Amino acid sequence: MKFHFSSNKLLLISGLILLVLVIGIKLDIFLSSKSTEYIKFNNNNNHFKRDKRILLHNEIIDTNNKPSIKNNQIFINDNDNNENISPILLRILNNNNNNNNNNGDDKSIYKKNHYIVQFKDRINDETREQLKEFLIGTDIVLDEQPYQSHIVHYIPHDSFLVLMTQEQSVLLSSKEWVSWIGEFEPSNKIHLNYNEKSIGLPVYIILSDSTNSLIQRWENTLNSILKSYNSKVKLTLINQKKLKSIVYCNDESPSPSCSLINSEKLVYQWISEQSESNFIERSEKFQTANRLSPKVVFGTKDTLVNNDRVDIPLRGKGQILSIADTGLDGSHCFFSDSKYPIPLNSVNLNHRKVVTYITTSTSDDSDKVDGHGTHICGSAAGTPEDSSVNISSFSGLATDAKIAFFDLASGSSSLTPPSDLKQLYQPLYDAGARVHCDSWGSVSVEGYTGSYSSDTASIDDFLFTHPDFIILRAAGNNEQYLSLLTQSTAKNVITVGAHQTIHENYLTDGPNYINYQSSVDINQELICDFDSRYCNYTTAQCCLESNATTGLASCCPTLLRKSVIDAANTQPLLYNENNICSFSSKGPTHDGRMKPDLVAPGEYITSARSNGANTTDQCGDGSLPNTNALLAISGTSMATSFAAAATTILRQYLVDGYYPTGSIVESNKLQPTGSLLKALMINNAQLLNGTFQLITSSSITYPSNQVFENFAGASLVQGWGAIRMSNWLHVVNNNNSNNNNKTSDGITKFVGIGGLDLRLVKPNQWKEESLSTGQNTSYCFTYKPSSSSSNSGNNIPRVVATLVWTDPPSYAGAKFNLVNNLDLTMIYYRDNGSTIFYSNQGGSSFLGLAPTQDTLNNVEGIVHNPTEPMTYRFMVAGTNVPMGPQNFSFVFHGENGEFEWADKCPQCSPGQVLACPVENGIGTQLCTSDLQWSSCLIQSCDNNYNYNSIKKRCDKFLSYNYIIMIVAGGTMLLIIFILLLIKYQEYKESKKDSFRRFDDGTGIFVRPKDKDAKVSLADLYNLISPFIIELAISTACSLVSTAASILQPFYIGQIINDIPTAKHIGDFKSQFILIFILAVIEFVFSTISSWISGIVNEKMVMRLQNKVFRALIAQDMGFFQKNNAAILMNVLISDTPMLRSALTGILLSIATGLCKFVGSLVFIFTISWKLSLVFFATVPVLAFITQIQSQFTKRLTRALLFYNSKASQHGQESMVNMHVVTNYCRQDKEIIKYTDNLNNVFQTARRLIINNTLASSIKWLMVESLAFIILYYGAYLAIQKQFTVGLLISFCLYIGYVIDSTTTLFGVYVSYVQSQASATRVFMILRSAPRKRTTLEEEEADRNNGLGGGGGNNNNNDDDDDDDNYNGKGNDNGKGSDDPNNNNNNTTLENIDDNGELTTVQPVELTKKQLKKQKEKEQKEYFKRTGISVVEMSLIPSSYIELTDCKGEIEFKNVSFRYPTRPDVQVLHNINMKFETGKCYGLVGPSGSGKSTLLELISKFYPLRDGGNIIMDDIDIANIRPNNLRGFVTCVHQNPYLFDASIKDNIGYALDNPTIEEVIEAAKLAYAHEFIKDLPQQYDTVLGSAGSLLSGGQKKRIAIARAICAKRKIMLLDEITAELDPESEEAITQSIKVLTQGHTVVMVAHKVAAVRDCDKIFVLDKGYLVEEGTHDELMERKGKYHRMFNNEKDEEELLNNLGLPSNNETNNENNNENNNNNNNNNNNNNNNNDDNNNQVVGEQV
């Protein structure tokens, strides 16, 4: 379909619609600003103002003040080299003749650099993926930077550090989700100091991406810079993203010309400016940070256990614990295996204790004397092969576990771990270790800062990518706050501090196995410095003289041991497991994170002692005491080994399936993640109650740029507390058969793991859950006091919840290192209706306020002591997850009570009532008995909103959304429904045939159907389908106008409501403005709708009339013989506009009426459903009345069309035959007959008016009565305060709208009924038009569906075909031919009775009753036949032979023929004749012999169906397209039709653009030029109607000139010499002789004399060919031709003897004028007229 609006009109319409939408939005905002505020609930602290600063370690960027890169800013910094060199360095290079010129290379904008990209909102998975897709889609990779743009790190707040091109940064700034973009300053990459203490130490450079050629290129450039400083730089590749750099002097020792400080500054400033560098930091020096200790680790808060297999049944069996340290003395009995040697750099799982021992180029395969590593391994898992020896009592904690060891030192040298820590952890992980112990680390050269380094990020990264691995690291032994080892600040590790051991240890094991000699050596140096005479004292001398000189006791080992024992004896409260070791490093980290996480025993820990690289067995016979095999050491290193061993045992507990029953169950075998192990360890820790408590932050001096927070249940000294495994690690055995909820000391405990509700999920199915930004999940547990325990003393109920997640690695240069922020909140609902929230910070809060959440740590915990039965709800929320989704582990435990998983999470407290946010109003929710909120019940609505009793919500009657709902929604649903319905009908019909191939150029598709087929909706849709877009726009505009109109009464009612309380007219300002705007909208859109629909109406009637006219002129000849021209013109002129008005009006009326009806219906039911039901009680009655009305209307409309057609027919016949009317003086008779017809029209129209008026009056009376009832009942409801007076007024106005729309919709049905009569007549013509079939298969389908057969079959809608007359020379009886009023179609609609018999006009006057019966009979005939006789459409073959040239040879072979209108009469019988080119042939015979029929068959006016073929140039004309055939054939009839046009136009009619020369030449050949020249205007003379200004002979010569001008090979002449004077006959005869040259001429004549000169004459008689030959040959035969010739000759002689004029002369004066009118009459009835036939038949394609 085509859209027929110009672009200007479309722009105008679009602009107006856009204007209305903008106004709607503004109104919505205006009204929303006046609406009441409703309660808002906070979600994840969104009510706090977001901090949008970018927090880097070296800089804080305020993005509100610092300008962002804009999309119109491109700064090109061209440089030949990949390296961007600062001005000072560029100057140095220039001084060293190293040219670096700016070439203005446009590729500079494609060079990558670091940018900070801040998002407008919190980063989630979607926005992060959008950034990734943008970087991939817009990336350009250069040869000098062979890596892709990508996200490097997350930086708080809401930012990413991104490596991308400058062009990408500019493009990215236009994204709506980006708020700020800035270049990453090189100074933010540098994190090192330049002083004598640190100078010369290696510096590590973290790269953003790997590059192979980087080192050599950088070294060359930097060494050229350092020449003038007499220094060099050495770069070493650590891994693909890490370099080590050392700056050194060229000389062996520093000289005045070598300044390392200045050299380093230049080097690292230059490196920081390179796009590949990401982070630069100084290398740090690494340092190293039990028979009684297990009793503490597996004890409880107040009770210790025995170090045996009863109280500690699990010892890490099946687990591999990895340790990296100074070395391991493999010959020690704790580690040696009599069967296997220690596996060096290989894996042997069969070794009793050590499965692998990994060494590097900087380490060996042993430990130094008293080595740190051997002691750590012994504390963790060492045990002798023979467990019966006494020394086994000093075995490690996880004695059944095996060790994977990584040696970090060689001999007595310091630790040198791999620069890439992944190279340390990966081989241990591959060996099967899942728990790792690191009791070493480094402290920043800048002091105690708790900094986060690249090593720290590397540890976090390894744990993030290996989620089932956990690392435990020593906090350090530096005793101050912020003194944590750098690697221990990693977020994902378990950082372990040290607390003291049990009091017994200070009296026995510790004093016995401490290496006092190291202390003596140190103290003796101090004494020597004090007094030189003591420098050479031995320990014996110190002991001997200690009484005299007190200070000498410090170099006496015996006295040192005694001092330890004495201190423990005298101060038992200071020396026990409840105190922190004074040396243990304390938190927080530099960004305020809480470290350590846990503490474990770390003072005087006795374990394996290394004797260095020897093969002796230090254990001896295993007896005690054994100082060669055992050593007591203090430090967080020792604590870490115990914590790692405990974690290993915990992992065994889960992996072997002990949880939760305490016995091994196969389905309970759980594969824990590192975060789960960490969460369980922290969750079951106990805060120490000793003398070392957390000092308040007010008394501590912290660096000014640090942030510190307090946490409930944790401290910066001991983290979440000391490890106490027996709090929940429950194992059932023969000696200790405790149940799951009871430990050995009787404390009941329940442990729950998030996502592992044992009623629903088995442990072996467990996996971590994950969250993204904005998501949350909840875990709920119930608590009831235990019947077997009291809430006093140590039995106080307690719940602890812990949340842990493995956070992605942070950028080391960020101020805060948390990337993904999850938040844990505990909610419980009390019986008194209050709701209490707990979080990791700030304790509890009430009354719906969200608690303060932790934004720093990836560990959150909540501790609570319940006092009453309750249900806990723990909610984990993804507050900010830029690198999501984030996996997490949640652990809950409850003790001293009965705990279990809740069936469902509670939402409220019993009896609690809460204001709930409802749309556009305020509601309340009640807490039900199951602690769930009920649905929100609306209490009140905001201003400009009202409660919708149907939808049960507050609706805003004028808002942008509401307008869209009514207009857009209503329009689309309505139009889509109608179109789908019609398309469905169309689809059903298309299964039979695809009708769209019947388009004839008008854009209207009409599928041929049977003559009795009803007009369907699909048929009607085909008529309006070309205009559907315009109609849709018009309908949409009308709907907008309607929507605006139905909104006005509501505001009118509001004004009335507010009048009593209004104090000033200005109070109604907004309502008046809204009503005015609505009125303007209604006016504008109704005008547009009317304008478009008016144009569509005219377009449609034009196209429909064109379509009908095309269908008429494409009909076969029989159609015009059977139908009256007046009736056909009435269909063309009257029915098509009526049908058009009905169709376009129906669509528009349905749309607007339905919209107004539905819209008003919404309002009236919203205002009062009771009044609405009162109204709708009468709708069925109104529908019934309308149905009765439509039935009468349908019949009366058909009758009206019948009488209108008769009046038109009579009027046209009178005008055409005016000569006859005047000649016989019958004017009065015709006036009376026409008046009778008009009277019938008037009477029918009056009855139709009475019918409609009566129905309308009844409906009006019912509506008015209903209005009275509604007003009465509405007033009653208003008095009862059920609604206001204003709403009553609005309701009444809307009722008017409903009535109006109902009337419109009922009227649509009436209009549809009225259109059926017109539609039936129009579609009868449209469906009968000949059409072409495209394929042979389609022809077969048409025949099967009853549509086949070709044109000419008499399958019209007459009841009887036998009496259909054909008026022509072939009419056998010729009845009526002498009647001057005869239209040569005597079998018209009006004079055929029901039986098909002819009726004659009765001369006798009829009575009124008889006249009435006759009218009813005529009406019945009309209703049955519709006034139109239709021959079934001709189905044209699917393919033709196209002629490009024609010789003019024609041959009839056995041709027989019957006219379609008279199938019972055979006109031709087995005709055989041949016409050759260049010759003239004559056809003679009496009237009705078939002469003219032969000419019509040559022109293919009728198809042959009774046998035979007509061959032209050896081609059957049935296979030649009709128009193609007629392009070589021209026919001149006896009574030629001339158009009311100039002579030039009449002669050149057959040509598209004839020249005057061609016209004159044709006129000369036709001997018409002479008389044309004598006319006043010559060839421009207008001939009048049917050529009335010319005589008969002149008209025939003009017709012959037209045929000559057509330049066609075959000339058919039908009686062209009849009724002419001798002069005209002679001129025409000469013309024929001219035409014969090069043409095939066939003449038909009654007079044989007219054809005597023809080359051959064919004689026909009663349809048979009786003779053929030349004139002489036929005369000699004395046959039919001879008799006809002699009869004519005798008649001519008789007339001459009598002195009377011949027939030609007589007719020349009188008949020619009559012929003008008769010709016109005959042409209207299509009586074989040459020119009319050429036009009427048209192109049958």
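Residue 1 is the first one shown; counting continues down the chain.
From the backbone N, Cα and C atoms, a Cβ is placed for every residue, glycine too.
In Swiss-Prot this protein carries:
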{"type": "ACT_SITE", "residues": "Asp325", "note": "active site, charge relay system"}
{"type": "ACT_SITE", "residues": "His372", "note": "active site, charge relay system"}
{"type": "ACT_SITE", "residues": "Ser637", "note": "active site, charge relay system"}
{"type": "COMPBIAS", "residues": "1697-1734", "note": "compositional bias 'Low complexity'"}
{"type": "DOMAIN", "residues": "297-729", "note": "domain 'Peptidase S8'"}
{"type": "DOMAIN", "residues": "1450-1687", "note": "domain 'ABC transporter'"}
{"type": "CARBOHYD", "residues": "Asn390", "note": "N-linked glycosylation site"}
{"type": "CARBOHYD", "residues": "Asn536", "note": "N-linked glycosylation site"}
{"type": "CARBOHYD", "residues": "Asn547", "note": "N-linked glycosylation site"}
{"type": "CARBOHYD", "residues": "Asn614", "note": "N-linked glycosylation site"}
{"type": "CARBOHYD", "residues": "Asn735", "note": "N-linked glycosylation site"}
{"type": "CARBOHYD", "residues": "Asn741", "note": "N-linked glycosylation site"}
{"type": "CARBOHYD", "residues": "Asn776", "note": "N-linked glycosylation site"}
{"type": "CARBOHYD", "residues": "Asn832", "note": "N-linked glycosylation site"}
{"type": "CARBOHYD", "residues": "Asn887", "note": "N-linked glycosylation site"}
{"type": "CARBOHYD", "residues": "Asn1251", "note": "N-linked glycosylation site"}
{"type": "CARBOHYD", "residues": "Asn1385", "note": "N-linked glycosylation site"}
{"type": "CARBOHYD", "residues": "Asn1454", "note": "N-linked glycosylation site"}
{"type": "REGION", "residues": "1334-1403", "note": "region 'Disordered'"}
{"type": "REGION", "residues": "1697-1741", "note": "region 'Disordered'"}
{"type": "TRANSMEM", "residues": "962-982", "note": "transmembrane segment"}
{"type": "TRANSMEM", "residues": "1027-1047", "note": "transmembrane segment"}
{"type": "TRANSMEM", "residues": "1072-1092", "note": "transmembrane segment"}
{"type": "TRANSMEM", "residues": "1157-1177", "note": "transmembrane segment"}
{"type": "TRANSMEM", "residues": "1260-1280", "note": "transmembrane segment"}
{"type": "TRANSMEM", "residues": "1288-1308", "note": "transmembrane segment"}
List, in sequence order, those glycosylation sites among Asn536, Asn547, Asn776, Asn887, Asn1251, Asn1454 whose Cα sits within 10 Å of the Cα of His372 (active site, charge relay system).
-> none
So which one is it: of the glycosylation sites Asn547, Asn776, Asn887, which has the fewest other Cβ atoms within 10 Å?
-> Asn547
Express the distance between the Cα positions of Asn887 (N-linked glycosylation site) and Asp325 (active site, charge relay system) as a whole number of Å.
-> 31
Simplified to three states, DSSP reports Asn547 (N-linked glycosylation site) as coil
Which of the recorded positions Asn536, Asn547, Ser637, Asn776 has its Cα closest in space to the Cα of Asn390 (N-linked glycosylation site)?
-> Ser637
Residue list, the transmembrane segment (1288-1308) vs rest of chain: Cβ under 8 Å, 6 or more residues beyond ends.
-> 1045-1046, 1049-1050, 1052-1053, 1056, 1146, 1149-1150, 1152-1154, 1156-1157, 1159-1161, 1163-1164, 1167-1168, 1171, 1175, 1179, 1182-1183, 1186, 1259, 1263, 1267, 1270-1271, 1274-1275, 1277-1278
C-alpha spacing of Asn1251 (N-linked glycosylation site) relative to Asn536 (N-linked glycosylation site), in angstrom = 141
Students should find that the Cα atoms of Asn1454 (N-linked glycosylation site) and Asn1251 (N-linked glycosylation site) sit apart, in Å rounded to an integer, by 63
Rounded Cα separation (Å) that holds between Asn547 (N-linked glycosylation site) and Asn776 (N-linked glycosylation site) | 71
Counting other Cβ atoms within 10 Å of each Cβ, which of the recorded positions Asn390, Ser637, Asn1251, Asn1454 scores lowest?
-> Asn1454
Based on Cα distances to Asn776 (N-linked glycosylation site), point out the closest of the recorded positions Asp325, Ser637, Asn1251.
-> Ser637
Cα-Cα separation of Asn1251 (N-linked glycosylation site) and Ser637 (active site, charge relay system), in Å?
-> 109
Rounded to the nearest Å - Cα separation of Asp325 (active site, charge relay system) and Ser637 (active site, charge relay system) = 10
Hey, which of the recorded positions Asp325, His372, Asn536 is the loneliest by Cβ count within 10 Å?
-> Asn536
Determine, from DSSP, whether Asn536 (N-linked glycosylation site) sits in helix, strand or coil.
-> coil
What does DSSP assign His372 (active site, charge relay system), in three states?
-> helix
